Amino acid sequence: MINIMYLVLTAMLALNVSAEIFNAFKIVDKGLIKSNTALEQSNAAIIPAIIDGAKKKESLATYAERIDPARQLSTQMNADIQKIMDDMVEATKGWVMDEETGAQTDDLMGKKNMDITTRYLVEEGNGAKLKQALLDYKNEILLLVDSTDRATFEQNIAVNIDDKTWQDKGKASWSHMNFDHMPLQATLPIFRKFQNDVKSTESSFLNYLAGKVGTTTDVVLDKFTVVSAPEKSYVIKGEKFKTDVFLSAFAGADSKTGISISVDGRSLPVNSEGIATFEQTASSVGIKKFDAVASIKNPVTDEVQTFRKTFEYEVGERSVSVSAAKMNVFYIGVDNPVEVSAAGVASGQIKVSAGGAGGAKIKKNGDGTYTVNVSSPTKKGEFAKINVTAPGLNASKDFRVKRIPDPIAKLSKQAGGSMGAGEFKAQQGVFADLQNFDFDARCTIKGYRVVRVAKRQDPEFAVNPGTKYSGQTASIIAKAKPGDTYYFENVKCTCPGDPAPRELNTMVFNIK
């Protein structure tokens, strides 16, 4: 049985994900691409042996006939997965090109883009289509297996959809759990892993056919590569780096192959699957390298071949991101949403508190975000602070505190200028318009003075309490005719959090 282990990177993603994290995603992606290539070579190498074995008896011909249908299913499935990746990369301006050579680099133009993954995979349903395609592929492969062997074979099949986890976590769907608000760069290893599962499933099926025609112990694969499959390629200082090292084309104990593995000159115990596990503590930050050596004995010729390869992983330190969801300032009188995340730290280990100036108070919401409320503006050099603590981490971020910006006093949609007499008289009063303010807040007009200046007449005055016209104000407004000028002065309003009314703009309307 061909063994391929895939890489999984775990990191808490923030709005500003560090360059080290994205570099780790690229390392993961490259490792999976190499593993997929090695597995494809191994799958191709076993096919001639199945065909030869099927020639022994007429009744075995059916197993050779199943090779092409299985390969076609795998090729199409992997092509569909590749198209998803290509579509999203193309939609985010593709790959970064080297300015000097013009060659394509391994950096994505839209590597931090979370909109494309959420829209394309979750909202437009392509993630759900992928899930169904993987299930269909699995079922079609199972139909190629003899009915008496199907249940046993299914237990070892690599393609598998985990519905329990997203349901237990209360997510909306499998797609939502895997792709919602994931940076594009972070999803590529996920899709490579799906491709790896498809190739591994094809490998299991080819080995099943080989066993049926009696060639399992006769086949000796002649192309090998050493593979390192770490639990994480990005580890935090103080954590242990742990990886499985094995020969990618090794078929397990039944191959009658003797194998030995060492890392940096140290021999490692090899289990019956041909896998050795290497681990060491990450004592300092930076990129670390290790040399792996695997020796294999050909069971037919007794020839010993040795393969060497250098691998690397990156050690980082815990970092934190605190971001106001709407802008980098807290406003008095409204709920200020805040998102907190820390790379390499489980959300349950993060403790968040508020302090500093501005009277900041913070509470955690059910969706894992936070809400901050403040009570007084900060002066120059003063800040409200959001403090984040976790194992190995103690950080804070400063925010300014301001009162809600002044709204604009308006009649209809205007803050002054010309207005027809009919439209002017149809208005019910003055209102306060909070322009370009992203928060849910409403300011209330407390009062104003209206002055009517008509040709060849003395000015008329009225003081109006509140927003709507009343009493003498309504009477003055009803007199409006072309040529009149109206002044709205001393307009006062209060906004959420205001200790006293604030004065707004004066409005001048010329009646036409």
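Every residue gets a Cβ built from N, Cα and C, even glycine.
According to TrEMBL, the features are:
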DOMAIN    20-211  domain 'Gliding motility-associated protein GldM N-terminal'
DOMAIN    217-315  domain 'Gliding motility-associated protein GldM first immunoglobulin-like'
DOMAIN    319-402  domain 'Gliding motility-associated protein GldM second immunoglobulin-like'
DOMAIN    405-511  domain 'Gliding motility-associated protein GldM C-terminal'
Secondary structure content, the domain 'Gliding motility-associated protein GldM C-terminal' (405-511) (per DSSP, counts of residues): 14 helix, 46 strand, 47 coil
Mean predicted confidence [pLDDT] for the domain 'Gliding motility-associated protein GldM first immunoglobulin-like' (217-315): 71
Helix, strand and coil counts within the domain 'Gliding motility-associated protein GldM second immunoglobulin-like' (319-402) (DSSP): 3 helix, 48 strand, 33 coil
